[in-house]
Amino acid sequence: DVVIKAQVLAGGRIVFSPEEAKLITKQTGAKGRICNQVLVCERREYYFAITMERSFQGPVLIGSAQGGVNIEDVAAENPEAIVKKMGFPSNIVDSAAENMIKLYNLFLKINFDSNSAYRQKIFDLQDWSQEDERLHGGTPANFLDVGGGATVQQVTEAFKVQAILVNIFGGIMRLQGTRVDDAKILACDDLDEAAKMVVKLSEIVTLAKEAHVDVKFQLPI
């Protein structure tokens with residue numbers, strides 16, 4: 001009893017009749033994959049992989065008596081197939097162990113989610129923001145990156161400057177009901193009105209500094 005396996009980088013390739021043979025699986029994409037070779041072998045497979053286990057933050061070896069399929073499907077539909085002892089015949093134990101050691105030594109897997117690609121430019125946001133100011137003759141005093149652990153007091157104190165450049169790309173934390181929302185100094189739905197309030201606030205702070213007067217103010221939120 002043998003199987004014919006298409007040699008493409010995708011799972012779910014084993015079929016049980018010619019009518020099922022397709023070059024399109026859920027791992028190949030709609031366009032499928034070009035197959036240049038096939039493998040004819042005995043209908044006996046093992047699944048073996050190395051993955052990261054969160055509970056102890058280290059690699060773990062996964063073995064299954066059902067090869068050629070996604071291990072996620074096996075775990076959900078047939079968990080007893082994931083075995084603690086592989087049950088290799090004695091004549092292939094040494095060969096299997098050697099392959100496992102080689103696989104472990106090569107263990108490295110990086111997955112990139114294409115939906116997260118847009119976030120990469122966020123880390124350049126600081127340089128871009130400060131560079132724009134310098135090109136127009138300004139000198140940024142600070143770049144504020146508000147993390148998830150920022151307190152209301154920290155956010156409020158950080159805004160005690162003469163001018164504020166708020167440059168937001170996407171946003172990592174929610175604004176509704178969060179510390180950022182609680183610590184806001186000015187709240188205005190109209191951008192023109194908000195700009196006027198910022199200018200007036202800046203003028204007041206400037207005059208106070210020139211007069212060496214410590215002015216405290218409170219605006220309605």
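Residue 1 is the first one shown; counting continues down the chain.
From the backbone N, Cα and C atoms, a Cβ is placed for every residue, glycine too.
Quick caveat, the model's predicted, so the values are computed rather than measured.
Among the features that Swiss-Prot reports, site 'Important for substrate specificity' is placed at Asp1, with the record citing similarity to another entry. Following the DSSP three-state reduction, the secondary structure of Asp1 (site 'Important for substrate specificity') is coil. Taking the Cβ of Asp1 (site 'Important for substrate specificity') as centre and 10 Å as the limit, one finds 5 other Cβ atoms among all the protein chains shown.
Residues or ranges marked as ATP binding site by Swiss-Prot: Lys5.
Look at Swiss-Prot and you will find Lys22 (among others) tagged as N6-acetyllysine, backed by similarity to another entry.
Annotation source Swiss-Prot lists N6-acetyllysine at Lys26 (among others).
Annotation source Swiss-Prot lists phosphoserine at Ser114. In the three-state DSSP assignment, the secondary structure recorded for Ser114 (phosphoserine) is helix.
DSSP classifies Thr139 (phosphothreonine) as coil under the three-state reduction. Taking the Cβ of Thr139 (phosphothreonine) as reference, residues of its chain lying under 8 Å away and at least six apart in sequence are, in sequence order, Glu133. Positions annotated as phosphothreonine by Swiss-Prot: Thr139.
Summarising the annotation, Swiss-Prot assigns substrate binding site to Gly171, Ile172, Met173 and lists similarity to another entry as the type of evidence.
Residues annotated as N6-acetyllysine in Swiss-Prot: Lys196 (among others). Contacts of Lys196 (N6-acetyllysine) defined by a Cβ separation under 8 A and a same-chain sequence distance of 6+ are given as none. In the three-state DSSP scheme, Lys196 (N6-acetyllysine) is classed as helix.
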Rounded Cα-Cα span from Ser114 (phosphoserine) to Lys5 (ATP binding site), Å: 29
Cα-Cα distance linking Ser114 (phosphoserine) and Asp1 (site 'Important for substrate specificity'), given in Å to the nearest integer: 41
Largest tally of Cβ atoms lying within 10 Å of a Cβ, found at which of the recorded positions Lys5, Ser114: Lys5
